[in-house]
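Data block below; observations after.
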Amino acid sequence: MLLSLEPRGQQSRAMLWLSPLLAAVLTLCSGALLFALLGHDPLDTLHTLLIAPLADWYGVSELLVKALPILLCALGLAVAYQARIWNIGAEGQLLLGALAGSAMAIQIIDWDSRWALVWVVLAGVAAGAAWGGLTAWLRTQFNANEILTSIMLNYIALNLLLFFVHGPLKDPAGFNFPESAMFGDASRLPLVSEDGRLHAGLYFALLALVAVWVLLHKSFLGFQIKVLGLDRRAAGFVGFREKRLVWFALLVSGGLAGLAGVGEVAGPIGQLVPQVSPGYGYAAITVAFLGRLNPLGILFASLLMALLYLGGENAQMTMNLPQAITQLFQGMMLFFLLACDVLILYRPRLKLKWAQRTTNAEAMA
Amino acid sequence: MDLDLLSNIFYAMVRTGTPLLLVALGELICEKSGVLNLGQEGMMLFGAVIGFIVALSTGNLWLGVLLAMSAGMLLSMLFAAVALGFNANQVATGLALTIFGVGLSTFVGAAWVGKPLAGFEPIAIPLLSEIPLIGRMLFAQDILVYLSFALFGLVAWVLLKSRIGLIIQAVGENPDAASAMGLPVLRVRTLAVLFGGAMAGLAGGYLSLAYTPMWAENMTAGRGWIALALVVFASWRVFRVLLGAYLFGLASIIHLVAQGIGLSIPSNLLAMLPYVATILVLVLLSRDAIKTRLFAPVSLGKPWQPGH
């Protein structure tokens, strides 16, 4: 091996934050290389992907619209991951939030009062939290691995949503399209500004950002969660109740993802459709890690991820590239991040090994 | 229920269980060596798309199978480099591999969605395939299913009877002791991961070349994850992996059974069954935490570096 790793003995704080940046840069470089191999001008493509979408206010507002659900899901995941509870179920929790919110909105479609929106949002949050709670129940009661159960619940949630959108919630006047009726105006999230689609979900997201920051950095509960994540046994010895913390983390996680889901259907979409989410819940996993499970880091990471979504759409429209670029970059970024994270605990040594090799070779000779 | 229906159900059960069996066998070897690779879904998808593209553009199905396996192996190399070489968290690395594999396969396969391919056809073995009930199930399958029987035999022999199996398990149970005995722990683990990758690629290739000869985004539909649950279900024992794979196969074709006995349940609800079954199985088997821990390889998922 060319590269040898030498333990630093302690975490490098600089690398803790440089590693995500390094990962992003490496992803862009590999992306550029990929585009060059496919016969596109790499700089041109990166421009289409990352800069062109933000040319005007509309672009910026679209960026925020896409960042909102990702941010909400990733904030929730950060709470769970801080406790080392691997909730992979944000996608399902988001879908269930969207489904329950829509069911509520269809029930009260002719309400005029603003309370309609409150009920719709509450239904979404409650359903997301319940879906997360299901994972918590399976884990605390039956010791079932939360990675596998939450993934399975994603598939179940998707099929539930498809069942309802093809069945009970289908718009009777919708020419048999798998879509619900459009929600009443009272249950839609109001727009923040006249142009663009940016909606009041923005305030929810900002509120959640502050709340999760306070929870993780300023509260005893957050401290307990972190201790649980660092050392389960230690947490047990000092009397923190593991089961209760698992429930809490997954309920918060699910509730925020549910909020993201209901924000999509009551916000930009305005009805229940089969494709509520282009994988926001999965993108949030990358975002949570990239943001170092820190609310501020997650804010930046979710903006970057939203930019990738926006750029993917743009590249498909203008350059006929597959939109899956977004997911591809997402995976690359997480991979590079994990690889770069080795530098937090280890110092790379290149020459040393060579020197050793030559001495070995000399010894052999 | 008449015999014909039952024979058809058995046949479909084995066919549907085959991709699960293939991935689970690979993951079993991998976990026995102490490595938890959650990237099965990603490796399967990449295998499926590469196998399909190669088979369709060269007209050679076997070349497709071979490259599907290589594709799975290629992704598992990435996993090995990051999780074993760089000592990264195996859970996060596996997740990254799945996310990457989903994106990569969708990207690569975008132009190939929905194209028709003449895939592997069933080969009925004369006489044997006419045995009532189990004849079709065992002797009228396509060649990749027969291959899966052989691979099952191979993995069972390796784990239960061979020296290699002992080495793999020694490395998975106690890497420090294994290393002190002079076993190359990281090399054994890397090879186990690569084997897992090849098997996942093969399972993906089975889906896109034989089961439903076509390519569609996310066509594995969570089978890679179900296979991970399957290994837990099997308590890391190879014969139970076989049994579990076919039981899950049965759960996924329950709609055929429902149709057969004249029930009409919406297809989206039936599609949930394998996932619900997976959760139920996890619940039933994990309830006893101590027992689960007894069966699992001791150092499963724990990073290990020489000399630490």
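Backbone N, Cα and C atoms are what each Cβ position is placed from, and that goes for glycine too.
Now, the feature entries from TrEMBL:
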- B:12-30: transmembrane segment (TRANSMEM)
- B:42-59: transmembrane segment (TRANSMEM)
- B:65-86: transmembrane segment (TRANSMEM)
- B:93-113: transmembrane segment (TRANSMEM)
- B:133-160: transmembrane segment (TRANSMEM)
- B:191-209: transmembrane segment (TRANSMEM)
- B:221-239: transmembrane segment (TRANSMEM)
- B:246-263: transmembrane segment (TRANSMEM)
- B:269-285: transmembrane segment (TRANSMEM)
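In this chain, the transmembrane segment (B:221-239) lies in contact with the transmembrane segment (B:133-160); the count of Cβ pairs under 8 Å, excluding pairs fewer than 6 apart in sequence, is at least 3. Against the transmembrane segment (B:93-113), stretch B:42-59 shows more Cβ pairs under 8 Å than any other of B:42-59, B:65-86, B:221-239.
The transmembrane segment (B:269-285) and the transmembrane segment (B:221-239) are in contact, since at least 3 Cβ pairs between them lie under 8 Å (pairs 6 or more apart in sequence). Residues 36-37, 40, 44, 137-138, 141, 144-145, 148, 151-152, 155, 158-159, 168, 192-193, 195-200, 202-204, 206-207, 211, 220, 223-224, 226-228, 230-231, 234, 236, 238, 241-242, 244-250, 252-253, 256 of the same chain lie 6 or more positions beyond the ends of the transmembrane segment (B:12-30) yet place their CB under 8 Å from a CB of it. Ranked by number of Cβ pairs under 8 Å to the transmembrane segment (B:65-86), the listed stretches B:42-59, B:191-209, B:221-239, B:246-263 are led by B:191-209.
Long-range contacts of the transmembrane segment (B:246-263) within its own chain (CB-CB distance under 8 A, at least 6 residues past either end) are made by residues 1, 5, 8-9, 12-18, 20-21, 226, 230, 270-271, 273-274, 277-278.
Residues of the same chain lying 6 or more positions beyond the ends of the transmembrane segment (B:221-239) and with a Cβ under 8 Å from any Cβ of it are 19-20, 23-25, 27-28, 31-32, 38-45, 98, 152, 155-156, 159-160, 200, 203, 207, 245, 248, 274-275, 278, 281-282, 285-286, 292, 295-297.
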